[in-house]
Amino acid sequence: MGIKHLYQVISENAPDAVKTGEIKNHFGRKVAIDASMSIYSFLIAVRSDGQQLMSEAGETTSHLMGMFYRTLRIVDNGIKPLYVFDGAPPKMKGGELAKRSARKREAHEAHEEAKETGTAEDMEKFSRRTVRVTREHNEECKKLLKLMGVPYIDAPTEAEAQCAVLARAGKVYAAASEDMDTLCFEAPILLRHLTFSEQRKEPILEIHLDKALEGLGMDMAQFIDLCILLGCDYLEPIPKVGPNTALKLIREHGSLEKVVEAIENDPKKKYVIPDDWPYQEARELFFNPDVRKADDPQCDFKWESPDVEGLVKFLVTDKGFSEDRVRNGAARLAKNLKTAQQSRLEGFFKPVAKTDAEKASMKRKHDEKIEEQKKRKKEDAKAKKEAKARPRGAV
């Protein structure tokens, strides 16, 4: 799930933190990818007639199809991917996982009912909600990656946290995930949409943590408190506290301790803290997640030549893929993983640090831009209100 509305908050209040671009812009870079999130998206997206792809033996192959062809696309564009798999979830995540499981059961029942009475759209919608990544899906994807010569590592708990460690250490350029909580684990750069299909034509989003903090006017501790208040995987959100309110509360009070105190002492009782809301524990999970250090031997990785015959046996003989396509893909892998060794020019130049005056000027321009946006919103709201109040037919 990640952090609710965090991308909206950053894009509206720290627009300089977000860059959009094409996948080819990341040529020559190493990227750590949240494998479990990617596999989930493959199971949802790689479908035929609303159903997951199956082998002749009735085994699901959507995850393998997605992993093979999306990884090929990444490598074709000169990127060297490293996949990171989730380990056991933190205990605090148990409540959220239980809720997801309950929602999936409800969706499964609704899907069965839609088969009898609903439309094709209803069936597709509820079918997608029943999807979950199993241990077997993970193991098959690991086998595939090994045959492709693409490295992977197993995280002790959260894959996003491990990706962030590798990015902070400079072992990869960025962490790639659709989960915005990757930023809470202090990933310097987060890439979104990297494993999307080419047909979706979604630009790659590149989110820079330092610019997000600068634009929001927060330090890392306040940013994590904001994310907890927005709603994370570890705690249920405070009812009626949306993104604008969460941002206002953190800016006004500076920390969750003071926010909670203000809410509890409010005579109007506008907001109510849930009975069991251990935000200090959630904060600790973001600050000190269970991860392997970047110099851990298990975090050593390298890209190798694909095992062509092994791929043919696994994907063609066992899973029913097209042999021509698999062999063609293996040839592209072998060629492009070598090409990706080329260095980017930026690696030879050290960026020049901005002066205090330049930073102040950038902040002033940013503040003026935000004020202008607020002014436009007020004017639009006023115009809509006047239009509604105007008698029908009046000019």
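The backbone N, Cα and C atoms fix where each Cβ goes, glycine too.
What Swiss-Prot records for this protein:
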| type | residues | note |
| --- | --- | --- |
| BINDING | Asp34, Asp86, Glu158, Glu160 | Mg(2+) 1 binding site |
| BINDING | Arg47, Arg70, Glu158, Gly231, Asp233 | DNA binding site |
| BINDING | Asp179, Asp181, Asp233 | Mg(2+) 2 binding site |
| COMPBIAS | 356-389 | compositional bias 'Basic and acidic residues' |
| REGION | 1-104 | region 'N-domain' |
| REGION | 94-124 | region 'Disordered' |
| REGION | 122-253 | region 'I-domain' |
| REGION | 341-349 | region 'Interaction with PCNA' |
| REGION | 356-395 | region 'Disordered' |
Cβ-Cβ neighbours of Gly231 (DNA binding site) (radius 10 Å): 21
CB-centroid shell, 8 A cutoff, Mg(2+) 1 site Asp34, Asp86, Glu158, Glu160, site residues removed: Ser36, Met37, Val84, Ala155, Thr157, Ala159, Ala161, Gln162, Cys163, Ser177, Asp179, Thr182
Asp34, Arg70, Asp86, Glu160, Asp233 filtered to the binding-site residues whose C-alpha is within 10 Å of Asp181 (Mg(2+) 2 binding site): Glu160, Asp233
Tally of residues which DSSP labels helix, strand or coil - the region 'I-domain' (122-253): 68 helix, 15 strand, 49 coil
Densest Cβ neighbourhood among Glu158, Asp179 (binding-site residues), 10 Å radius: Glu158
Sequence-distant neighbours of Asp86 (Mg(2+) 1 binding site) in its chain (C-beta under 8 A, six or more apart): Ala35, Ser36, Ala155, Thr157, Glu158, Ala159
Spatial neighbour of Glu160 (Mg(2+) 1 binding site) that is closest, considering only the binding-site residues Arg70, Gly231, Asp233 and their CA atoms: Asp233
In sequence order, the binding-site residues (Arg70, Gly231, Asp233) whose C-alpha falls within 10 A of Asp34 (Mg(2+) 1 binding site): none
Alpha-carbon spacing, Arg70 (DNA binding site) to Asp179 (Mg(2+) 2 binding site), which is rounded to whole Å: 18
Pairwise CA distance, Gly231 (DNA binding site) versus Asp179 (Mg(2+) 2 binding site), rounded so that it is a whole Å: 13
Cβ neighbours of Glu160 (Mg(2+) 1 binding site) where a neighbour is any other Cβ within 10 Å: 30
